[in-house]
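**Q** When I checked TrEMBL for this same protein, it listed these features:
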- 26-43: transmembrane segment (TRANSMEM)
- 49-66: transmembrane segment (TRANSMEM)
- 87-106: transmembrane segment (TRANSMEM)
- 161-180: transmembrane segment (TRANSMEM)
- 237-370: domain 'GGDEF' (DOMAIN)
- 363-383: region 'Disordered' (REGION)
Ligand SMILES: Nc1nc2c(ncn2[C@@H]2O[C@H](COP(=O)(O)OP(=O)(O)OP(=O)(O)O)[C@@H](O)[C@H]2O)c(=O)[nH]1
C-alpha cells in the first residue's frame with residue numbers, strides 16, 4: 001500500500017480511538033468514585049482516597065491530551081508523536097486501575113476476589129471495545145490488564161489462584177482476538193473512505209481541466225473570472241484579462257494535420273502556463289483561443305505579462321519532422337472597467353483588442369482604449 005495512505009489511515013485510526021475514549025470524561029470519574037467507595041470495605045479510607053485522587057488526576061491528564069489532539073488538527077507526520085503521548089497518558093490510567101490487584105488484593109476473601117476480577121474483566125472488555133481502532137494502542141492498553149491477571153498466583157499461592165490467572169489470561173486472549181477482528185473491519189472501512197476521498201478530489205480536479213492542454217477548461221476559467229470580478233469589485237482592486245489566439249493555426253492543421261495541431265496547442269499552453277504567475281488563471285476558451293485572468297493587476301503590469309507571453313510563444317522552437325512550426329500569438333488586453341461588470345463584457349473587449357492585434361500584423365499585444373476600474377474607485381458593497 002502507498003506509504004502515504006498507510007500513514008493517513010493510522011492517523012484516522014488514532015482519531016477514531018480518541019473519539020471512542022473521549023466519553024471517559026463522563027464515566028471514568030464516576031467509576032473511580034464508586035470503586036473507591038467499595039474498596040473502603042477492605043482498605044483504610046486514607047489509602048483509597050490517595051488512589052482516587054491520583055486516578056482522577058490521571059483521568060484529567062489523558063482527557064486533556066485527547067482534547068488537545070482533537071484541537072491540534074494533527075498532520076500525518078505527527079501521528080507517531082501523538083500516539084506516544086496518548087499511549088503514556090492512557091497507559092497510566094490502565095496501570096492505575098490494574099494496580100488494584102496488588103494493593104487491593106485480600107487473599108481468601110470471596111467478595112474481594114469478585115470485586116478484583118470484575119474490575120479486570122471490565123478493563124479488558126472496555127479496552128477491546130474502545131481501543132480496537134488503533135492496533136498499537138490496543139496492544140499497549142491490553143498488555144497491562146493481561147499482566148495484572150497473572151498476578152494472583154504470585155500474590156497468594158494455590159491451585160485456585162493459578163487457575164483464576166489462567167482463566168483471566170484466556171479471557172484476555174479471546175477479547176484480543178475479537179478486538180483484532182473489529183480492528184480489521186474498521187481499518188478496511190477507513191481505507192475505503194480515504195480511497196473515495198482521493199478519487200473524488202481527483203475527479204473534481206480533472207473536471208476543471210481542458211482534456212487536451214491540461215490548462216483550465218472554459219467553464220472553470222469563466223467561474224474563476226466571475227469570482228475574481230466579485231473580489232476586485234468588493235475591494236476596489238484592478239483586474240485584467242488577456243485574450244490569446246494562435247496566429248495562422250489553420251495553416252498548421254491544413255499542412256501537417258490535426259495531430260500536429262494538437263501538439264502545437266499543448267506546447268503553446270505549456271509554455272504560457274510556465275510564464276504566468278501562480279495566482280493567474282490560464283484557460284482554453286476553445287479551439288486555438290486562450291484567456292488569462294490576472295487578479296490584482298493594473299494596465300502596465302497586464303501589458304508586461306502579455307508581452308512576456310507573446311515573447312515566450314514566439315521563442316518556441318517546434319518542429320514536425322524537418323519542418324519548423326512557426327508559432328506566434330496575438331494578444332488583446334482588457335481591464336475591469338466598473339465594479340460588477342459582467343465577465344462577458346470584459347471578454348468581448350479583450351476579444352476586440354485581440355482582433356486589433358491580428359489586423360495590425362499578428363504576433364502583437366494590443367490593449368483596449370478605455371479607463372480601468374482602479375480609476376473609478378471601489379464599489380460600495382455592503383455585507
Ligand atoms: N488541431 C486542432 N485544431 C483545432 C482545434 N480546435 C480548433 N482547431 C482549428 O483551429 C483553426 C482555427 O482557424 P482560424 O479560426 O481560421 O484561425 P487561424 O488560422 O489561427 O487564423 P488567425 O486566427 O486569423 O491567425 C481551425 O482550423 C480549427 O479547425 C483543436 O482542438 N485541435
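Placement of Cβ uses the backbone N, Cα and C atoms for every residue, glycine included.
I'm curious about the neighbourhood of these features; can you describe it?
**A** Only residues 6 or more beyond the boundaries of the transmembrane segment (26-43), in the same chain, are considered here, and those with a CB under 8 A from a CB of the stretch are 49, 51-52, 55-56, 59, 93, 97, 100, 103-104, 106, 109, 111-112, 115, 119.
Beyond the ends of the transmembrane segment (87-106), by six or more residues, the same chain brings 21, 28, 35, 39, 42-43, 47, 51, 54-55, 58-59, 61-62, 65, 112, 115-116, 119-120, 123, 127, 136-137, 140-141, 144-145, 147-149, 151-152, 155-156 to within a C-beta distance below 8 angstroms of the stretch.
Residues 113, 117, 120-121, 124-125, 127-129, 131-132, 135, 138, 142, 145-146, 149-153, 155 of the same chain lie 6+ residues outside the transmembrane segment (161-180) yet bring a C-beta within less than 8 angstroms of a C-beta in it.
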**Q** Note the mean pLDDT of the domain 'GGDEF' (237-370), expressed as a whole number.
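**A** The answer is 95, the mean pLDDT of the model over that range.
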**Q** Tally the residues of the domain 'GGDEF' (237-370) by DSSP class, grouping H, G and I as helix, E and B as strand, and everything else as coil.
**A** 59 helix, 37 strand, 38 coil
